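Student: Handing you a structure now.
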Amino acid sequence: MVLKIFFPQCCNRADSGLLVGRWISSQDSAVVLAVIHYPFIPGHVKQYIQQMQAKSGLELSVLGSWSLPKDGQEGMESFLRDLSTIFPQERWLQINREVGKMGFTCQVLQRDQNGRVVQRETKKKNEKVDEGAGEAGGDEEEQQEEEEEKVIFVHYEQRKVMLSQLHPIENGVPDPKTAPPSELRQMFQTVANSQPLFFLDRYDDGPLKSTHWQTEGREASIIVELLKQACIPLCMLIGWLLSVWTWICNIRIFSLYPLRFLSSKLSTCVQLSYRTEQMRLLSSPKPAAGHTQFMRKANIVVSFLVDVALGMLLIWWLYRDNHITMLANTLVPAADHVAKELDELLQWLMGAPAGLKMNRALDQVLGRFFLYHIHLWISYIHLMSPFIEGILWYGGLSACLGLTFALSLLSDMVALLTFHIYCFYVYGARLYCLKIYGLSSLWRLFRGKKWNVLRQRVDSCSYDLDQLFIGTLLFTVLLFLLPTTALYYLVFTLLRLVVVLFQGVLHLSVDFINSFPLFAMGLRITRPYRLAEGVKFRVLCEEPGTALHLLMEINPLKCSAVVQTYRTSTYSCYPKDSWAALVKKLFVGELIYPWRHKTTKTD
């Protein structure tokens, strides 16, 4: 059996004393957490370990002794060995470091049935009494004893291990919530939960002195402590504001169908409700239950701060050098230019577009119908032109809530300014879809089939002569009118797709700012050991007469895994249909709605 001892690097040159840590009996390994220096009183050590057990919830104990030779401490090794009778353990580790060597020597002392401490090396020599025994049997026994006595030291950096979070490896590995924790995971949990043990530093006036990663003093920051104190009244203020906002939203007039319908379709209202949910989560007085919830709150805070900072930069640009007036003066000529281009496009369609022969009567009706809508829309734009600058001025102030609000408001403004294009697309799509489904139904009539609505299938059916005659006439009319309708549908669908593409870019930008784990990614770049995917081992020392020494290094989590693991759940702005389904809808004339559904993404 191989005994693995996880030894902190900060204790390599500690003064002689007792090793405090935890036995992982299921894995036959020991985790050393600190070294209590000599001189000490054994009663104080026992009392201190009991206090640490109550605070940390771990089964801490004295693992053995640590001896570093110094002048005037010649009998220290035997003294520390005799302490095994005061701190009864099944196994007692006696680790010594010799001068001039990097490696340690470890003697494992065990208790026999009578309670006496027996050293493994002497035990192995005493068992070889019968020298006349078979050579093969002796070799097997010696090999077995050597396997039992093998010790491996795994050196680890205590600070990094305590602050790191070991992530479960995917690709078919069992979930750590259901499967028993591995040796490495138990070791990480032991160091992380032993934080009360590291509060004892060299400046304490207590009877005990120890060596660990915070021996020279605790890591702290005055700014962090001030922020912790300021968070309490800030959370109370945010909670009160949220309660007022919730009371306003619950007024009966806002629950009416038109307002409720508009609030669910406007991007600005959806973003406002999303930020309200995030603020309600942050203002909760309950602390984070675990690492995942802590990272979620931290990502929300950083994302909100970055969003507000970008929004303030946008405000600074808009209100500097009178950019809002320039935008307002550009908007009306741009709308006139778009209307002029649409008018020329409709005039081209009402003629002979690309040399195609269209149905002139239907072509004229559709063209004049759409031209009338364009003139109505231009009249509306010119009627609103005196108020456009004021709308842009007050709408720009929404960027103080974050860049996402400004982008959402821009998306809603684009939807309102291009509403006539959406109307053209809906008219053309409805006419085209009506003819497509009419032709498909009449085609089934020619084949003696019909669509069974109840059973949702095509059944055979017999038609009389009058039905076939009328069906033939309708099929001919619809077939010859289809090219004209299809051309109008194609042109306005392309225009609609351009608008939807621009809105999609805005929605993706908002979703990226809301969901990207900025805190986790910054932690991965600045302190990669905080997010650990696993560990790797490197041979540190392999000297004759000493145990094997390995150095444990933390493998950081990949950036793609960080984004996938800590991405914040948000409303989905991605199309639910696949590309094949989207092409099918475009071909048959089904409407592609621009409205974004408020749904939560599943991890």
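If you go along the chain as it appears here, the first residue is 1 and each next one adds 1.
Even glycines carry a Cβ here, placed using N, Cα and C.
Whatever TrEMBL says is automated annotation, not expert-curated.
Residues annotated as compositional bias 'Acidic residues' in TrEMBL: 137-147. Annotated region 'Disordered' per TrEMBL: 118-147, in sequence order. What TrEMBL records for 237-257, 300-319, 365-384, 391-418, 424-446, 467-491, 497-520 is transmembrane segment.
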Student: For the transmembrane segment (391-418), what are the same-chain contacts with Cβ under 8 Å, counting residues 6+ beyond its ends?
Tutor: 266-268, 270-272, 275, 304, 307-308, 310-312, 314-315, 318-319, 324, 327-328, 331, 335, 499, 502-503, 506-507, 509-510, 513-514, 594
Student: Any residues 6+ beyond the ends of the transmembrane segment (467-491) with a Cβ under 8 Å from its own?
Tutor: 345, 349, 353, 356, 358-359, 362-363, 366, 370, 428-429, 431-432, 435-436, 438-439, 442-443, 445-446, 589
Student: Can at least 3 Cβ pairs under 8 A be found between the transmembrane segment (300-319) and the transmembrane segment (424-446), with each pair 6 or more apart in sequence?
Tutor: no
Student: For the transmembrane segment (424-446), give me same-chain residues lying six or more residues beyond its boundaries with a C-beta closer than 8 angstroms to one of its C-beta atoms, as numbers and ranges.
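Tutor: Those are 369-370, 373, 458, 463, 467-468, 471-472, 474-475, 478-479, 481-482, 485-486, 488-489, 491-493, 495-496, 588-591, in sequence order.
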